[in-house]
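Participant: Before we start, here is the structure in question, set down as structure tokens.
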Amino acid sequence: MLESILLTIATAATPLLLAAIGELVVERSGTLNLGVEGMMVMGAVGGFVGMILTGNPFIGALVGVLFGTILSLLFAFLALTLATNQYATGLALTILGLGLSGLIGEPYVGRSAVRMPVLDIPVLSDIPIVGRLLFGQDVIFYISIALVIGVAWFLFRTKQGLTLRSIGDNPQSAHALGIKVIRYRYLAVLFGGACAGLAGAHLSLVYTPQWTENMSAGRGWIALALVVFASWRPARVLAGAYLFGAVSIGQLHAQALGIGIPSQVLSALPYLATVLVLVLISQNRRLTLINTPASLGKSFVPDR
Amino acid sequence: MRLELIKRGNPSRALQFLSPLIGLALAVLTGAIMFAILGKDPLAALYVYFVEPLTELWSIHELLIKAAPLILMGAGLSVCYLSNNWNIGAEGQFIMGALAGSIFPVLFTDVQSPFVLPLMMVFAIVGGALWAGIPALLKAKFNTNEILVSLMLVYVAELILDYLVRGPWRNPGGMNFPESVRFHDLARIPELMPADGRANWGIVIAILVAIAIWVMLSRTLKGFEVKVLGTSPRAGKFAGFDAKKMIFFSFLLAGGCAGLAGIIEVAGASAQLRPIISPGYGFTAIIVAFLGRLNPLGVIVAGLVLALTYLGGEAAQISLGLSDKVARVFQGALLLYILACDTLIHYRIRFARAPKASGSAVDA
């Protein structure tokens with residue numbers, strides 16, 4: 001019982017974690033891409049359609065990553081090259097992604113999927129309770145954990161990571177030092193798109209192996225909130241994603257038990273929890289001000 | 001080769017006017033390509049989508065029904081965006097306005113008087129404004145991100161509506177369908193010209209509200225305050241304008257407009273509450289606000305254009321068998337194009353061939 005609950009929490013947390021860790025890198029570069037929801041839902045439809053057409057969920061996941069990346073390239077071109085308003089561009093990306101995914105996925109509604117297989121690491125996965133949680137999951141779970149470690153290492157242990165963070169704080173100075181600000185930001189945005197795409201693919205290949213319209217159901221936005229919650233720190237993104245995974249799974253279990261609360265109240269819990277967490281975090285101005293990339297959301301146009 | 005942006009000395013006035021038109025043209029072109037990919041004759045499809053709905057009187061009535069909420073919400077959102085407050089939860093404020101406004105026709109069906117409708121509208125405005133007041137309060141008091149809060153509240157509002165129409169507000173004589181009772185005649189918004197079509201006074205209200213907001217923005221100190229605080233918060237502070245009060249002002253105004261739009265929708269065309277009362281009007285209104293250049297008069301035109309995308313979507317679905325999702329793709333692309341074209345107002349675009357040698361500053 002406990003083991004299966006832990007497993008479902010990990011399954012619910014993985015897409016949030018992936019989308020949030022990608023967006024964390026984007027925001028560390030000083031760019032705010034509000035289109036996570038759109039990239040995620042495109043990843044979901046890409047993953048599903050890719051899997052149906054090839055019969056292979058791994059290729060499906062790659063198609064999902066590709067879809068998310070392509071959409072993020074569109075954002076990068078507008079927000080970075082053309083210096084459009086990042087808020088509005090991200091919103092447009094979400095509207096476009098929701099529409100496009102609905103259009104692409106329409107013929108595939110109701111088809112059932114080949115679920116992504118579980119990679120059982122022998123012996124280790126037989127450890128009671130945590131064995132399957134840590135060593136008997138689908139491959140996307142392992143990627144999500146590896147990405148958190150990788151991003152933390154990159155941001156705080158490498159020269160390029162330091163450069164990326166400095167760009168997020170002060171692109172003018174970085175540019176004056178000869179750093180290619182726009183190139184760094186492009187790479188960060190594309191990384192974020194790939195992560196959001198993989199997060200979406202996880203939804204349609206692992207979480208609920210099927211395609212339904214708007215199946216991301218606000219998770220992209222919750223991922224954005226998680227980045228704020230984590231005050232732009234990878235390890236805290238991990239903790240936050242699992243906390244939210246627990247809330248959404250707890251909500252499902254409560255519904256299944258049929259305790260006398262309307263199901264809609266329980267369904268609203270993840271969204272209300274997001275608001276609550278945002279309030280608690282933003283109240284702590286010191287914490288948020290220290291870590292918020294200083295140029296977040298501001299366009300940068302290099303003067304030649 | 002890469003693109004370079006070169007700042008213009010003065011924003012180009014001509015492009016300020018042309019940019020939304022270029023954006024629209026590019027979106028229509030994209031639509032034609034999309035139709036071709038979907039295996040339809042692009043020209044015929046464009047005709048069905050954008051022209052045919054305008055050739056018949058009843059269809060123009062339907063256009064006005066769809067334009068009313070878009071204009072109302074777009075005008076309200078313009079004030080938010082001009083003042084740099086990112087309310088993207090109009091969809092939720094629309095729903096909460098519709099719910100608050102429906103209290104009378106659903107719960108007090110025996111109250112039948114000419115005062116019911118005005119009262120419903122007041123309730124709707126208050127309902128929408130209160131819902132928008134939540135992100136405003138949290139932003140003003142705790143510095144909480146208003147984008148995420150207003151958006152989360154959309155999902156919560158949808159669930160409240162779902163709960164009410166499936167639970168306590170379900171029509172007891174409705175064969176178990178998840179819908180409320182039909183509103184009685186005094187709780188309906190009267191039709192403009194019943195002989196020709198279904199359009200109601202909602203569109204007139206929407207245009208009057210948009211004009212009122214335009215007057216506020218362009219002719220009053222409050223409007224000046226909105227723009228100063230939006231473009232330069234520091235300058236606004238020195239001028240003695242209160243940024244926190246502006247958060248409330250813009251959010252409550254936009255929320256009130258969205259609430260009014262909500263009751264116009266349910267007391268107008270649909271006459272009852274259902275689990276889904278909006279085809280994404282609140283999000284489309286964001287596009288309306290930008291296409292209208294954040295100017296309420298422009299919003300009136302933009303609202304009609306975006307209403308046409310809904311109507312054309314329905315027409316294309318019926319006569320061409322195209323998916324109704326085409327409308328959403330078109331709307332998303334339109335917003336991206338408008339934003340891209342707006343860059344031309346402030347920048348000249350130059351194609352630079354080779355990466356320039358570092359440190360050379362001759363090119364001036």
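The backbone N, Cα and C atoms fix where each Cβ goes, glycine too.
Features from TrEMBL:
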- B:21-38: transmembrane segment (TRANSMEM)
- B:58-82: transmembrane segment (TRANSMEM)
- B:94-109: transmembrane segment (TRANSMEM)
- B:115-138: transmembrane segment (TRANSMEM)
- B:147-165: transmembrane segment (TRANSMEM)
- B:199-217: transmembrane segment (TRANSMEM)
- B:246-264: transmembrane segment (TRANSMEM)
- B:276-292: transmembrane segment (TRANSMEM)
- B:299-320: transmembrane segment (TRANSMEM)
- B:326-347: transmembrane segment (TRANSMEM)
Participant: Using a threshold of three or more Cβ pairs below 8 Å, and leaving out pairs closer than 6 in sequence, do the transmembrane segment (B:326-347) and the transmembrane segment (B:21-38) count as in contact?
Facilitator: yes
Participant: Which stretch, B:58-82, B:147-165, B:276-292, B:299-320, B:326-347, tops the Cβ pairs under 8 Å count with the transmembrane segment (B:246-264)?
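Facilitator: Checked against B:58-82, B:147-165, B:276-292, B:299-320, B:326-347; highest Cβ contact count belongs to B:58-82.
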Participant: For the transmembrane segment (B:147-165), what are the same-chain contacts with Cβ under 8 Å, counting residues 6+ beyond its ends?
Facilitator: 86-89, 91-93, 95-96, 98-99, 131-132, 134-135, 138-139, 178-180, 273-275, 277, 282
Participant: Could you give the residue numbers and ranges of same-chain residues that sit at least 6 residues beyond the transmembrane segment (B:58-82) on either side and whose C-beta is under 8 angstroms from one of its C-beta atoms?
Facilitator: 52, 90, 94, 192-193, 196-200, 202-203, 205-207, 209-210, 213-214, 217, 226-227, 230, 249-251, 253-258, 260-262, 264-265, 268-269, 278, 281-282, 284-286, 288-290, 292, 294-296, 299-300, 302-304, 306-308, 310-311
Participant: For the transmembrane segment (B:276-292), could you work out the same-chain residues 6 or more beyond its ends whose Cβ comes under 8 Å from its Cβ atoms?
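Facilitator: Cβ under 8 Å, 6 or more out: 20, 23-24, 69-71, 73-75, 77-78, 81, 88-95, 98, 154, 161, 258, 261-262, 265-266, 270, 298-303, 305-306, 310, 328, 331, 334-335, 338-339.
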